[in-house]
Amino acid sequence: MQTMHTVLIIDDEPRFSTSLEVLLKAEGYQVHVAYSGESAFHLLRQHAFSAALVDINLPDISGNLIASRIGKEHPETAVIILTGNATVDSAVESLRQGVYDYLRKPCAPDRLLQTLARGIQHKRLTMDLHNSEKRFRQLAQATWEGIIIYDRGTLLQTNSQLCKMFGYAETELLGKQIFDVLLDRNTIRALEFPADPETIGPFEARGVKKDGTTFPVEFRVKHIDYQGRQVQVAAIRDVTDSEIALKQKTSLMEKLADAQRMESLGLMASSVAHDLNNILAGIVTYPELLLMDLGEEFKYREELLMIREAGKRAAAVVNDLLTVARGATCKKEVQNVNDLITGYLNSVEFREISQRYPQIKVTPYLESALHNISCSTMHLTKSIMNLVNNAAEAIQARGQIILATKNVQLTAPHHGYETIEPGEYVMISVEDDGPGISPQDMRQIFSPFYSKKVMGRSGTGLGLAVVWNTIHDHGGFIDVISSTTGSTFSLYFPVSKFGAYKPTQPTPVISQYQGNGERVLVVDDQKSQREIASRLLSRLGYQPLTVPSGEEAVEYIKKTPVDLVILDMLMDPGINGCETYEQILRHVPGQKAIITSGYSNAEEINRAMNLGISQFVKKPYSLYELAQALKTEMAPPHSSMYSQK
């Protein structure tokens with residue numbers, strides 16, 4: 001149904017007004033007549049008019065002033081000026097006031113009606129456009145994204161969110177180039193004349209704030225009609241938080257992948273360690289027995305020593321795997337780090353490094369009144385050795401390594417280690433004057449899956465991973481500083497208030513550990529391990545007995561008492577060492593036993609200790625290690641050699 005428009009006639013000539021009213025009503029318009037400006041404004045306050053036909057010469061107010069006021073107060077009304085005394089100046093002035101057209105009296109009815117219809121349509125389209133732009137601006141202001149309308153790179157309109165995002169006032173942005181706020185020139189230029197007019201993007205770019213700082217943004221572009229011409233509108237989103245979240249997600253994914261690899265490494269290490277240490281037991285033990293039998297003058301004594309040392313080194317590699325996998329049990333004692341460093345500097349391993357790098361000088365600076373720490377002597381010494389070895393490899397030619405210790409009081413959490421409690425620590429530092437570590441390598445140096453080892457050189461590539469896990473297991477932390485002039489690794493360990501452990505020095509004379517014919521049952525699923533244990537027990541003066549499984553051990557002890565049982569922790573198939581001992585205790589409460597294994601799982605060791613076993617001997621073991629464990633377990637009351645982790 002056609003909309004009925006209402007027209008206001010403002011003219012002080014009754015005859016003309018009446019004839020005009022009749023004409024318009026005949027065309028279907030609703031008509032109101034005002035004979036003065038004041039009466040016109042009164043009607044305008046009461047009714048909404050589609051158009052106003054205004055005589056330019058009224059007795060109280062100028063027609064142009066009426067047109068101006070209608071344009072401001074009633075913008076939905078189209079204004080057409082009617083006059084009998086037209087001049088160029090008056091026509092120009094009328095058009096300045098926003099009137100649609102300027103007609104001279106008398107005017108042909110057809111032309112008047114045509115002009116009126118066009119004026120109403122033009123005003124409606126103008127208002128629709130105005131309302132559309134108003135709605136667009138309201139939506140643009142309400143969105144979380146920054147909005148820019150630009151034409152050929154020049155900014156025409158923005159929303160408040162974009163101004164806030166870039167740090168500008170809206171008046172400062174208008175007239176600027178799109179390249180002033182977005183750095184991706186090639187993409188923006190390509191979007192000015194796209195093949196597809198639909199929304200294009202998203203694209204990534206760098207936004208430039210008023211202060212010159214840049215930040216990551218994501219933007220989409222769409223081509224629209226704006227005020228009669230094709231322009232581009234860009235929706236811009238600050239993705240700083242998303243970028244941070246993505247980095248965090250990537251970091252978490254990398255940590256998860258590392259954790260999964262560590263789990264796989266742990267499974268591999270545990271299975272390999274048991275089997276490989278069983279194999280290495282013969283390589284370590286038989287040369288030791290041969291050396292005892294053949295004496296100091298044996299022609300191939302050095303070769304036997306080399307075989308034994310090779311076996312020990314292979315066992316050390318397995319131990320590195322277990323340390324990195326973080327499932328291995330380690331014995332902790334209160335020690336003074338200065339003693340460990342002094343011992344290392346007098347060791348075969350240090351002499352080998354000195355011979356390999358004769359132009360590198362290692363200088364110790366050890367604090368005289370250094371506090372004690374609770375540590376695994378083996379793991380800490382290995383960590384120091386790894387750091388010195390890495391420093392020497394980094395220097396290669398002439399240089400210096402400083403090995404220092406120091407008492408440190410931390411009054412606040414160390415940067416990057418906020419979970420570490422303040423307190424007293426012992427610091428061990430290894431400083432070199434090599435070329436330093438690159439930022440890319442710095443992020444990965446402690447990963448067991450990253451190595452720059454060259455084939456044929458010393459080491460397993462696990463050196464720093466062993467250091468990292470050793471520090472972690474001791475409740476400490478490590479700090480690394482590196483530049484082009486060198487690197488410093490600083491290890492921090494919590495101080496222990498107890499006195500340093502002074503171990504009894506092993507003696508070549510084994511007689512004090514000799515048995516008196518006690519019956520010892522060896523339970524191991526590997527025949528070679530039973531034979532090795534039997535040889536060592538016989539040498540020590542014990543009567544060895546062997547069975548290949550836990551089930552057979554239980555049945556044997558039911559019928560025949562023994563003085564002590566040596567239990568392998570892992571036996572396949574059948575029950576393991578702990579399960580075997582549990583069943584033995586049902587028949588022989590208080591049965592003495594020690595456990596051995598190539599893989600020292602902390603959980604299983606603790607379980608065995610809770611059952612009453614106090615001695616654990618790690619394969620491959622020496623004659624002295626086995627002798628000491630046997631003597632300690634046999635002597636009532638016995639004290640544990642094994643300190644719980």
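Going from the start of the chain as shown, residues are counted 1 onward.
Including glycine, each Cβ sits where the backbone N, Cα and C put it.
In the predicted structure, the domain 'Response regulatory' (6-120) carries a mean pLDDT of 85. Summarising the annotation, TrEMBL assigns domain 'Response regulatory' to 6-120 (among others).
According to TrEMBL, the domain 'PAS' annotation covers 132-182.
The domain 'Histidine kinase' feature in TrEMBL is assigned to 271-497.
DSSP assignment over the domain 'Response regulatory' (519-634) gives 56 helix, 25 strand, 35 coil. If you look up TrEMBL, you'll see 519-634 (among others) marked as domain 'Response regulatory'.
Asp55 (4-aspartylphosphate) carries a strand DSSP state (E or B). The 4-aspartylphosphate annotation in TrEMBL covers Asp55 (among others).
What TrEMBL lists as 4-aspartylphosphate is Asp568 (among others). For Asp568 (4-aspartylphosphate), the count of additional Cβ atoms within 10 Å of its Cβ stands at 26 [all protein chains shown].
The separation of Asp55 (4-aspartylphosphate) from Asp568 (4-aspartylphosphate), Cα to Cα, is 117 Å. Cβ contacts within 10 Å of Asp55 (4-aspartylphosphate), excluding its own Cβ and spanning all protein chains shown: 20. In the domain 'Response regulatory' (6-120), helix, strand and coil residues by DSSP number 55 helix, 25 strand, 35 coil.
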